[in-house]
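Feature list (source: TrEMBL):
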| type | residues | note |
| --- | --- | --- |
| BINDING | 41, 71, 88, 116, 117, 136 | S-adenosyl-L-methionine binding site |
| BINDING | 136, 162, 163 | Mg(2+) binding site |
Ligand SMILES: C[S@@+](CC[C@H](N)C(=O)[O-])C[C@H]1O[C@@H](n2cnc3c(N)ncnc32)[C@H](O)[C@@H]1O
């Protein structure tokens with residue numbers, strides 16, 4: 001088991017190395033993220049999401065958790081007709097996201113909003129519909145994020161959640177930190193809950209930090 005895990009990690013490093021340097025525009029943003037300890041999606045994770053977007057062809061995307069705009073810009077790059085609304089609760093990160101979006105000329109495609117996602121969604125009417133939702137915010141609140149976004153996701157729309165394997169803390173193979181093991185248990189409960197939720201047909205893919213892809217079955 002331990003040995004297999006090592007092979008899996010080596011495979012992930014190999015896949016990640018294939019993407020290195022493929023997006024020079026974004027290098028500055030990823031370097032800023034490392035320097036300022038801002039968590040952003042792993043390269044194989046975001047590349048998988050971009051491929052889902054190419055297949056599913058959403059026109060309107062809702063993202064919960066902008067950070068500094070890395071994943072929103074990556075998604076916008078897939079097609080210039082895609083419109084993205086992205087929510088960020090932290091003011092410093094929101095300001096940096098706005099800077100990045102402006103510098104790379106994505107203001108026409110990406111609307112970044114500085115607000116708690118749940119407060120934002122409480123104020124919306126369901127007339128505003130999205131065909132793709134990416135949840136990548138506070139990991140302990142995933143269930144709330146799903147429940148609050150579900151009414152805004154069209155039938156057959158995709159719900160994507162990042163970090164559902166959370167660095168091995170969900171399966172229990174990693175237990176270095178007690179605090180993160182607790183969070184891992186919470187994410188495990190969320191995974192079980194969503195798998196059994198009849199509103200969605202759900203699968204988990206072991207890429208990036210673990211990504212859920214759920215298709216909404218209901219209106
Ligand atoms: C993992 S980062 C997002 C990374 C980003 N998606 C990327 O890959 O470039 C998670 C972000 O969610 C934000 N966040 C956490 N809870 C939130 C909430 N309730 N509403 C909006 N943003 C939230 C955090 O401040 C943090 O910047």
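Going from the start of the chain as shown, residues are counted 1 onward.
Quick reminder: no glycine exception, Cβ is built from N, Cα and C everywhere.
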Practice item. Report the residues of the chain - excluding 136, 162, 163 - with C-beta within 8 Å of the mean position of the site's C-beta atoms, for the recorded Mg(2+) site, in sequence order. Key: 41, 45, 65, 134, 135, 137, 139, 161, 164, 208, 209, 211
Exercise for review: State the Cα to Cα distance, in Å, between residue 163 (Mg(2+) binding site) and residue 136 (S-adenosyl-L-methionine binding site), rounded to an integer.
Suggested key: 8
Review point. Three states by DSSP: which one describes residue 117 (S-adenosyl-L-methionine binding site)?
Key: helix
Check your understanding: Around residue 41 (S-adenosyl-L-methionine binding site), which residues of its chain at least 6 apart sit with Cβ under 8 Å of its Cβ?
Key -> 49, 70, 71, 74, 136, 162, 208, 209
Practice item. For each of the binding-site residues (116, 136), count the other CB atoms lying within 10 A of its CB, then report the residue with the highest count. Key: 136
Practice item. Could you check what DSSP calls residue 41 (S-adenosyl-L-methionine binding site) once collapsed to helix, strand or coil? Key: coil
Study note, to complete from the structure: Cβ proximity for residue 88 (S-adenosyl-L-methionine binding site), under 8 A, sequence spacing 6+, ordered by residue number, returns 65, 66, 67, 94, 97, 112, 113, 114
Point to revise | Other C-beta atoms that fall within 10 angstroms of the C-beta of residue 162 (Mg(2+) binding site) | key: 26
Review point. Under 6 Å from ligand 1 by Cβ, which binding-site residues from 116, 162, 163?
Key: 116
